[in-house]
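Student: Next up is a structure, given as structure tokens.
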Amino acid sequence: MQSRAYALISEAALHHNLSGLSARAGTRLLLPVKANAYGHGLELIARQAAAHPDVWGLAVATPREAQAVALLNLGRPVVLLTPPTPDEVVPLADLGVRLPVSSLEEAEALPVHARAHLKVDTGMNRLGARPDEAIRIGQRLAERGVLEGAYTHFATTDEEDLSFAHEQLRRFRSVIAALPPVLAHCANGGGILSLGHLGDMGLSRPGLASYGFAPAHLQRVVPLTPVMTLRATVTQVHKAFAGESVSYGGLWQAPRDTTLATIGFGYADGYPRNATLRAHVLVRGERRPVVGRICMDQCMVDVTGLEVRAGDQVECWGSGDLTVSEVAGWGDTIEYEVLTGLGERVERVAVP
């Protein structure tokens, strides 16, 4: 059975973005594939990324994600960015997953065959050890022969004021300087685009930027192409007569006799319900409004004057004039939330 909505995932666009970001950073990449690869499909993106020479490894947020990627046997290291539970440490180490460490207790608990990445809190106040303590932990990991990397996370590199980002970088470098050589990584996508070359780091971790998106003031730094195009199937074409209402609540009434196409994509699939009465889609390359309230499984589009039939495809977002950024704006949210909220009913399809 075919899906009513599907996401085309462009390997060419992904590789284009990865090449540009790696060149800008002056490092190889540790590509975040957490949250189902930002909604793009974990296995699909992991396989596409592993084929790119600038990708050193793949970063995940949960032990289950780490296990899933490790079992693909792609020949790229898998780095877990958030703490596992004590009973998960050995099974993950057995799979070769690189483990985060932010306390002496965690450092001592690692098996001898583990590879650790020291987590340093330079100001995000989310995870990690503060710099002074991180140095002690890192030195102990080095003594045990399990220290491979060290990392931190920038809090403000998407902003125009980079003063705090520079302070975080200074703090992180003070830790790195006190340790034996490690694979250091700190730059997210915003960090790569705003701070530029960080060749003293071994790796960079561009998330959303790898999938084609950047803050407005940074969009010209590295040309990026959205990796995903979202298409949905027309399930019915019918008439609404002048004055009739469409969808729940009667929020929209037809100003004239109107041809409507119902498409199989709704808020259960990830289309923001808050985009009601603002959203548009592309029908045969032409922008057409989504009318009435967006439903759980479908929505209705004004296609008056166009030749449309059941089974046709419409584009809900892509790499052209109608992007996820615009959809997120209609939904009063951000690209991250739209992409990671894309439901499992939406089939991910690899394209060249």
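From the backbone N, Cα and C atoms, a Cβ is placed for every residue, glycine too.
So Swiss-Prot says this about it:
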- Lys34: active site, proton acceptor (ACT_SITE)
- Tyr248: active site, proton acceptor (ACT_SITE)
- Arg126, Met296: substrate binding site (BINDING)
- Lys34: N6-(pyridoxal phosphate)lysine (MOD_RES)
Student: Have a look at the recorded positions Lys34, Arg126, Met296 and say which one has the shortest Cα distance to Tyr248 (active site, proton acceptor).
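Tutor: Considering only the listed recorded positions, the nearest one is Met296.
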Student: Mind telling me which of the recorded positions Lys34, Arg126, Tyr248 has the densest Cβ neighbourhood, counting other Cβ atoms within 10 Å?
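Tutor: By the 10 Å Cβ neighbour count, Lys34 comes out on top.
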Student: Cα-Cα, whole number of Å: Arg126 (substrate binding site) versus Lys34 (active site, proton acceptor)?
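Tutor: So the alpha carbons of Arg126 (substrate binding site) and Lys34 (active site, proton acceptor) sit roughly 17 Å from each other.
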Student: Using DSSP and collapsing to three states, where does Met296 (substrate binding site) fall: helix, strand or coil?
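Tutor: Its secondary structure by DSSP: coil.
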Student: Pop the Cα-Cα gap between Met296 (substrate binding site) and Lys34 (active site, proton acceptor) into the table, whole Å please.
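Tutor: Given the Cα positions, Lys34 (active site, proton acceptor) is 26 Å from Met296 (substrate binding site).
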